[in-house]
């Protein structure tokens with residue numbers, strides 16, 4: 001009975017309160033990842049208010065999105081130290097403070113700090129900790145839970161632009177930002193719902209003790225505290241070792257150097273993001289410049305979000321089918337290619353009906369990118385090192401998200417032609433899609449040739465077995481199981 005009780009305590013997932021946590025995760029993703037979609041609505045007003053160029057104004061959403069994606073390693077440390085609930089609630093507080101402070105800004109550069117850095121960092125904490133907690137609450141239905149949670153992003157894409165345009169017309173951008181601060185404070189309510197999961201003793205690794213950094217062994221913590229090393233040189237060496245281990249834990253440079261698949265995919269996605277974010281920032285200003293009414297222009301982004309509500313979960317569940325195992329990278333490349341090709345529709349005409357057609361096609365392809373980004377990463381990296389690989393992945397992705405819109409805005413300022421937004425977006429998306437697709441195809445062929453050359457000619461068996469040592473083992477040491485290594 002005691003064992004049964006412990007087993008029950010260790011598995012509170014997939015039932016009861018887990019579904020409330022999932023509901024909170026949906027709201028979190030809508031309030032955090034969906035929030036940058038409304039920035040294009042304020043683009044023209046901010047330009048006029050601060051007399052800023054397209055490039056200067058675009059730095060504000062670029063910083064926000066870059067920090068939202070690139071703060072992953074910092075969020076991981078926060079979650080490891082204090083738990084998911086604390087990280088989500090701290091993120092909600094930072095997001096609120098950032099937007100309230102933005103309503104009092106006197107220059108565009110102040111917006112970079114308040115709405116860009118502070119709100120972006122808060123959104124990062126709330127979003128990534130909210131996704132992490134789903135892994136604790138769901139096991140059997142984890143794929144379904146993540147698919148449902150991703151609809152929050154689409155809901156945010158749908159509702160934020162409409163709400164932004166209404167509030168902007170009624171009370172101006174400063175009061176609107178003040179109200180946004182109150183809305184984002186609700187991330188703290190969502191965090192309060194995410195109470196810690198009670199696991200049985202020994203079912204999870206222990207949290208680091210005070211004075212012990214993540215990724216460090218207790219012996220090294222003692223060394224750095226001087227408990228066993230009286231020499232300052234050894235203390236300095238132990239600190240360097242500890243720093244290296246922390247970087248190794250959260251920024252997996254060794255995986256980047258050794259794993260070709262991870263290297264290709266990380267570079268490809270970083271290159272993709274140079275063009276992927278451009279339509280979200282510049283589509284509304286482009287439509288307004290070409291005579292589309294402001295309310296209708298804001299509706300364009302909402303159309304993208306509305307379509308994603310239904311398509312993104314379906315794409316995520318479909319790609320999880322065993323037929324696509326090992327082939328999701330080609331689906332991702334196809335989605336990026338279609339995104340790039342759809343941009344040429346905007347170049348043909350800026351008529352509202354044409355722009356609606358563009359939004360429908362772009363959002364269909366965009367749902368594939370959104371649903372497959374992390375699934376493909378799980379395919380190319382071992383799950384034991386996934387969190388480390390994700391840290392480096394998001395940082396490189398955030399760099400290109402940061403510089404893409406301002407560089408394109410500078411080009412628009414020089415040429416006074418918004419068409420270059422969509423030319424640039426198409427170039428980056430199409431070239432990245434071809435790079436990833438062809439590179440993985442070549443890598444797959446190389447792996448098959450290596451396996452063929454290593455296979456014995458007289459016994460081409462599909463399985464290889466590890467040899468078991470016949471040497472006597474120390475008493476109490478368990479006998480190793482047979483390991484089957486399957487060739488893919």
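Cβ from N, Cα, C; glycine included.
Keep in mind that TrEMBL annotations are predicted by a computer and have not been checked by a curator.
The stretch that TrEMBL tags with transmembrane segment, taken from the ranges 329-349, 455-475, is 329-349. Of the recorded ranges 17-43, 110-137, 355-377, 420-443, the transmembrane segment (264-285) has the largest number of C-beta contacts under 8 angstroms with 420-443. Each of 86-104, 110-137, 297-317, 355-377 was scored by its Cβ pairs under 8 Å to the transmembrane segment (17-43), and the highest score goes to 110-137. Among residues of the same chain six or more beyond the transmembrane segment (355-377), those with a C-beta under 8 A of the stretch's C-beta atoms are 147, 150, 153, 262, 265, 269, 272, 276, 279, 283, 287, 292, 300-301, 303-305, 307-308, 311-313, 315-316, 319-320, 328-329, 331-332, 334-336, 338-339, 342-343, 345-346, 386, 389-390, 393. With Cβ pairs under 8 Å as the measure, the transmembrane segment (175-194) is packed most heavily against 86-104, out of 59-79, 86-104, 297-317, 329-349, 389-408. Nonlocal intrachain contacts for the transmembrane segment (297-317), taken as residues 6+ away from its ends with a CB within less than 8 angstroms of a stretch CB, comprise 34, 37-38, 40-41, 143-144, 146-148, 150-151, 153-159, 161-162, 164-165, 280, 283-284, 287-288, 355-356, 359-360, 362-364, 366-368, 370-372, 375. Per-residue pLDDT, averaged across the domain 'Major facilitator superfamily (MFS) profile' (18-449), gives 83. As a quick check, the transmembrane segment (389-408) and the transmembrane segment (59-79) clear the bar of 3 or more Cβ pairs under 8 A, pairs 6 or more apart, so the two touch.
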